Amino acid sequence: MTERTPLPGKKYKFTINIFVLLMVLVIAVQGTYLGYVVGMLTTLEKRFGFSSEKSGWLLSLYDIGHTMAILLIGYIGSHYHLPRITGIGVILSSLSMFMLALPVLFYGTADYTQEQLMQKKEAYAMEMRCDVNSMREISSQGEDCWREHNEHTNAFIILAFGQLFAGIFAAPFNTIAYVYIDSNVKQKRESPFLLGLLTSMYAFGPALGFLLSSILNGVYTTLGDAPDHIGTHDEHWIGAWWLGFLLCGSAYLVLALPFFFFPRTYKHPDSFHLMLEHSRPQVSPEDRLTFKENVELFLREFPMVLKKLLSNKVYITMVIAWMFGSYLIGGYQTYLPKFIETQYGRSASMADIYSGIISVGAIAVSTALGGWILSRYNIAPRSSIICLLGSWVVILVSYIIGMNLGCSQPKVEGLSYVDYADRWHFYHHQEREQQCLEYCNCETILKFDGVSMNGQNFYSPCHAGCTDYDVFSNTWSNCQCVYGNSVEKGLEHPECDIFFAYLAVMMIGLFIGNLFFMVTMMIVLRSVFDEEKVIALSLASFITNLFGFIPAPVIYGFFIDLCCILWNRQCPNERGNCVLYDNDKFSKMFHGVNSFFQIFAILFAGICYWVSKSVKLPEEMPMVEFPESREREYRDEDEE
């Protein structure tokens, strides 16, 4: 084995900082992409006719791919060159971004020509107006139903594989790159700050993604002029969804090359790696294992490694606490834009912006600051768990307060609460009992298209008794239920001035609550030996993804759907998507589910602290107590 001269202190610190800077930028691009996909979901649904269920699958496929790869990457990372594996992951991630933009190459940028758009609007007017001549048959939604089930299947498949590959190829970013920094940092007290800096980018990045999606949603998909009389609020407006993927892919490519120039490990004079290597016999190149032998070794050792980690009580209890804590991101942060939009009547773009403010102002800043505090004051592992417990209690309190800071939902004509049935009822098929709707034939309207005037809300223009539609100004007039006046598109929400109080409570609560979130990763790394760190962090990510991030959207979506009081039925005999929620029930259900998972996170963090008091962590052991089996990491030093 070639002996390397230890790097001088200043040069060593400089090169480690360069690696950290590169990873900060890579994770910023990754986070931007993750936020961008969420921000562009509505545009993708409009462009390719996706149902909400398909959109949900697109989001989940990223986490599924990440979970599939994480353990394999962890094992490979224990044997091979960590920076190069990271660089390969960055290059392949760029290819997955370009794959996500491929549908624009196959199917074009726009769905309709200007002539087709005008025909579409005329058909919409026929479908939604007060049909005094009874010419409308039930549901002229056949085309939409056909598109939902048959059109753009290939586009969905391409996007699905792009999402899956993006999750697989990003596996090295939050595992082996973290271990490379933690294992090579000169002083262990610096590690929490550097890793906290990286982790904070998972909150900064999505905020940039929301901003990018807001900007590109305002750019027409062809990058030229939109058809006449089509504005950004028109249902036929398609933003330049594909451009963001190209930008993320290009950024990945630019950042990939430098990773191939970092050494496998830095050996500074007081390095633990150097001390341990000098205490071990050197291994000649002839003794290295072949590929077949490596596969056999993997099949033989991997189950034993997993068993050893799962029997590590400090490790597994903190991983479970981390898993329950992940519901803050996988559940609360995912559905926060929907909650703000429906609860406080904000537009979708403004809800994204406020969610980004919470991500940056609370979660990202506090995670970075918490890492600095842990490093600056060199807080011991057990003391840091107490800090984590205190901060998570603050999150729980903020959920309980936020539960009572909601607003009332808009009142829709014909929608009423039935006490004895404990359910909401809409007067479908009873519209003719209303004098202004007697001859409108509104029972044939399935699709929701809310309109309002002076605080009165209606399910559709037909339910407002409207007969005239201007295809150029996109407005309805001559509406009999509002005395022949015009109506505005969209529902009018009741006045509610409590939103900024909610924003302040959650920002303060999440800021304090995330100060010591890095403790979860710190304990995971400190509770195992150095050669186990990569696989330990990979297993922790695997468990967190499998039982946290992947099911979180499904679990939260199920409970949120229980709060729906009015569904948008796109097709006959189908429920469709929810257009109006019981806001009081939504607020309590949303924060109640969050509180439930947060209680379990606190419980297992407490168990971890109790268990840790009776065991000795690896960093607290003298060298003579280290097991003889801890040789593999140092056996495969660089051949160069």
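Using N, Cα and C of the backbone, Cβ positions are placed for all residues, glycine too.
Where the annotation comes from TrEMBL, it is an automatic prediction and has not been curated.
Long-range contacts of the transmembrane segment (12-36) within the same chain: residues 6, 62, 83, 86, 90, 93, 97, 166, 170, 173-174, 177, 180-181, 184-186, 194, 197-198, 201-210, 212-213, 244-245, 248, 251-252, 255, 258-259, 262, 266, 268, 356, each at least 6 residues beyond the stretch ends and with a Cβ under 8 Å from a Cβ of the stretch. Annotation comment: TrEMBL describes 12-36 (among others) as transmembrane segment.
According to TrEMBL, the feature domain 'Major facilitator superfamily (MFS) profile' maps to 19-616. Model confidence over the domain 'Major facilitator superfamily (MFS) profile' (19-616) is summarised by a mean pLDDT of 78.
The feature transmembrane segment is assigned by TrEMBL to 56-76 (among others).
Under the heading transmembrane segment, TrEMBL lists 88-108 (among others).
Residues 16, 19-20, 23, 26-27, 30, 33, 37, 44, 48, 50, 54, 57-59, 61-70, 72-74, 77, 82-83, 85-86, 88-89, 92-93, 95-97, 99-100, 102-103, 106, 191, 194-195, 198-199, 202, 521, 525, 533-534, 537-538, 541 of the same chain lie 6 or more positions beyond the ends of the transmembrane segment (156-181) yet place their CB under 8 Å from a CB of it. Sequence annotations record features per position, and here TrEMBL assigns transmembrane segment to 156-181 (among others).
Marked as transmembrane segment by TrEMBL: 193-220 (among others). With a cut-off of 8 Å between Cβ atoms, the residues of this chain six or more beyond the transmembrane segment (193-220) that come close are 20, 23-24, 27-40, 43, 174, 177-178, 181-182, 185, 226, 232, 237-241, 243-244, 247, 329, 333, 349, 352-353, 355-357, 359-360, 363-365, 367-372, 374-376, 517-518, 521-522.
According to TrEMBL, the transmembrane segment annotation covers 240-262 (among others).
Under the heading transmembrane segment, TrEMBL lists 314-333 (among others).
Summarising the annotation, TrEMBL assigns transmembrane segment to 353-374 (among others).
Non-local neighbours of the transmembrane segment (386-406) in the same chain are 325, 328, 343, 370, 379, 498, 501-502, 505-506, 508-510, 512-517, 519-520, 583-584, 586-588, 591-592, 594-595, 598-599, 601-602, 605-606, 609; each lies 6+ residues outside the stretch with a CB under 8 Å from one of its CB atoms. Under the heading transmembrane segment, TrEMBL lists 386-406 (among others).
Per TrEMBL, transmembrane segment is recorded for 499-525 (among others). Residues 178-179, 182, 191-192, 195-196, 199, 314-315, 318-319, 321-322, 325, 328, 340, 344, 346, 354, 357-358, 361-363, 365-367, 369-371, 373-374, 381, 384-385, 387-388, 390-392, 394-395, 397-399, 401-402, 405-407, 533, 536-537, 540, 608, 612 of the same chain lie 6+ residues outside the transmembrane segment (499-525) yet bring a C-beta within less than 8 angstroms of a C-beta in it.
Long-range contacts of the transmembrane segment (537-559) within the same chain, counting only residues at least 6 positions beyond its ends with a Cβ under 8 Å from a Cβ of the stretch, are 56, 59-60, 63-64, 66-67, 70-71, 73-75, 77, 171, 174-176, 178-179, 306, 309, 315, 319-320, 322-324, 326-327, 329-331, 334-335, 521, 524-525, 589-590, 593. Per TrEMBL, transmembrane segment is recorded for 537-559 (among others).
For 589-611 (among others), the entry in TrEMBL reads transmembrane segment. Within the same chain, residues 313-314, 317-318, 320-322, 324-325, 327-328, 331-332, 335, 339, 382, 385-386, 388-389, 392-393, 395-396, 399-400, 402-403, 523, 555-556, 559-560, 562-563 sit at least 6 positions outside the transmembrane segment (589-611) and bring their C-beta atoms closer than 8 Å to a C-beta of that stretch.
Per-stretch counts of Cβ pairs under 8 Å to the transmembrane segment (353-374) identify 314-333 as the leading one among 56-76, 88-108, 240-262, 314-333. Long-range neighbours of the transmembrane segment (88-108) within the same chain, counting only residues 6 or more positions beyond its ends whose Cβ lies under 8 Å from a Cβ of the stretch, are 26, 30, 33, 48, 152, 154-155, 158-159, 161-163, 165-166, 169-173, 221, 241-243, 245-246, 248-253, 255-256, 259.
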